[in-house]
Amino acid sequence: MDQPSPQQQQQDHVVEEVGEALEMLSTSAFTTPRVARDDGDKFALKGKRAGRGVVQSGLTHECGVFGAIATGEWPTQVDVAQVICLGLVALQHRGQESAGIVTSEGNCAKNFNVHKGMGMINNIFTDESMKKLKGNLGIGHTRYSTSAASEEVNCQPFVVHTAHGVLAVAHNGELVNCDSLRRDVLSRGVGLSTHSDSELITQALCLNPPDGEDNGPDWPARIKHLMQLAPLSYSLVIMLKDKIYGVRDPYGNRPLCIGKIVPLSIGSYRQEKVEKLAADGWVISSESCGFLSIGARYVREVLPGEIVELTRDGIKTIDVVECPENRRHAFCIFEYVYFARSDSIFEGQMVYSVRLQCGRQLAREAFVDADIVSSVPESGTAAAHGYARETGLHFAEVLCKNRYVGRTFIQPSTRLRQLGVAKKFGALSENVSGKRLTLIDDSIVRGNTIGPIIKLLRDAGAVEVHIRIASPPLLYPCYMGINIPTREELIGNKLNPEELAKYVGADSLAYLSVEGLKKAVQLNMDKSSEDEAGHCTACLTGDYPGGLPEDLEW
């Protein structure tokens, strides 16, 4: 058996030392001169957020929301429940833990049709359950928990019976000031059955607004009152007997958009502008992906702080709650990087084009000579194409993805997660053998999966493997609905790019800069909203749009 060269022995020793240091850091209080930690430990997490996402290797979003309402005379010919179900399937990437649909026939304020359950949408909504969800309007939700346990009691939409009729709410996001709002609600004699801030929102909506109500419930005033009590972070769909409200927080941190269900004869109107098309109904969704598959057309985003009302007669803006003074809008920039589906539209541009531009910008900032450019499918593919176009290098697929293996973040240990990567990917050895390879991925969170991928490519014959990440390093936790729990779990806080390259076995590793990411996002943004636009980069820079939560015992 051949003995390793002195250079190889030295490299193995360095990797071993880095690995041992990483293991020590993962079990101890982390301090670093590069990202100094506050003396008061302001990033420590307690209560319901403690240990959130500890076993995950990738990022997960909290959830997706969807609503649909038929126009014209009821009962409608539009299968509203089926539209919602297909809309949730298109949002399945935003949550795979649980899902629910609530519908109303529009004529009874006492009862809604409800079906919720744990698991994937196709397993929850059978032919039998869909028959029970008849209605002319409805809302749905697909969930990944960030703030409350993965249990059926936390499945959304939440439904409550009030003195003025039944109310259903679906929520995407996480309340930054959850604790103070919880105390306020409990002090008014309201009971809460879960630790979910989504249930808290539902109960808070049942509180009378400060100015009182003269002629029955003033739901827009109640919604506005909630938005003043809790400015971050949420997109909401709220259903009453015969209408749906869509609500986006004043910072615009979480996405929400509106679509129009058009007649099936749309084939003859494909060149018509959407405002000229007749409406069979309206939909409201976390993302626009999937609109075409349900016969809908994208209309526009819900503005930050906007309250929109959807009825059988159409949509209208009820009110717009302004962002707090001296604060900018703060749309989550990681929607572009990772969370959103590539065919979704934000701020007048398709997510795919932004990811393509991120790859171009990455090539300008961190070019390395190589034979081919490739990606970790599918998350890094758009950026890899951008990188290849900018450099003139040939793009080639090097990894074959097994579609029948579950996501690696559900595995119970680091070792099994790493084995999960081997099950999830195969190497296209003919494209790899003897080649110098630049491999593009969208992000590195905990660093558990990239190492086994590099080993797989080297075993397939790659001569060099250079890693390029189409986003900056994640350094800070997120308090607004993303499972970035503690700084200790983020590999970017433990190893600089050179150290991380050695640890994962890459020849080099480089990230896109924060300014480069902003530049890519803003390049083709809708000019009409450019002056108002702002993006949350808290997980990258520690600059939180609403400041740090005052009380982290959530």
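For all residues, glycine too, the Cβ spot is worked out from N, Cα and C.
Lifted from TrEMBL, the feature list:
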{"type": "ACT_SITE", "residues": "CYS63", "note": "active site, nucleophile"}
{"type": "DOMAIN", "residues": "63-313", "note": "domain 'Glutamine amidotransferase type-2'"}
{"type": "BINDING", "residues": "CYS332, CYS478, CYS536, CYS539", "note": "[4Fe-4S] cluster binding site"}
{"type": "BINDING", "residues": "SER379, ASP441, ASP442", "note": "Mg(2+) binding site"}
For ASP441 (Mg(2+) binding site), the number of other Cβ atoms found within 10 Å of its own Cβ: 21
Cβ-Cβ neighbours of CYS536 ([4Fe-4S] cluster binding site) (radius 10 Å): 27
Same-chain residues at least 6 apart in sequence whose Cβ lies under 8 Å from ASP442 (Mg(2+) binding site): VAL337, TYR338, ARG355, VAL376, SER379, GLY380, ALA383, ILE469, ALA470, SER471
Surrounding CB atoms that lie within 10 Å of the CB of CYS63 (active site, nucleophile), all protein chains: 28
Nearest-integer angstrom distance between the alpha carbons (Cα) of CYS536 ([4Fe-4S] cluster binding site) and CYS63 (active site, nucleophile): 18
[4Fe-4S] cluster site, defined by CYS332, CYS478, CYS536, CYS539: further same-chain residues with Cβ within 8 Å of the Cβ centre: ASN253, ILE333, PHE334, MET480, ILE482, ILE484, THR537, ALA538
Inter-residue Cα distance where the pair is CYS63 (active site, nucleophile) and CYS478 ([4Fe-4S] cluster binding site), in Å: 15
Env. residues of Mg(2+) site, Cβ within 8 Å of mean position of SER379, ASP441, ASP442 Cβ: TYR338, SER375, VAL376, GLY380, ALA383, ILE440, SER443, ILE469, ALA470
CYS63 (active site, nucleophile) versus CYS332 ([4Fe-4S] cluster binding site) - Cα distance in angstrom: 14
Neighbour count (Cβ, 10 Å) for CYS332 ([4Fe-4S] cluster binding site): 29
Tertiary neighbours of CYS539 ([4Fe-4S] cluster binding site) (same chain, Cβ under 8 Å, six or more apart): PHE334, LEU474, LEU475, TYR476, PRO477, CYS478, ILE482, ILE484
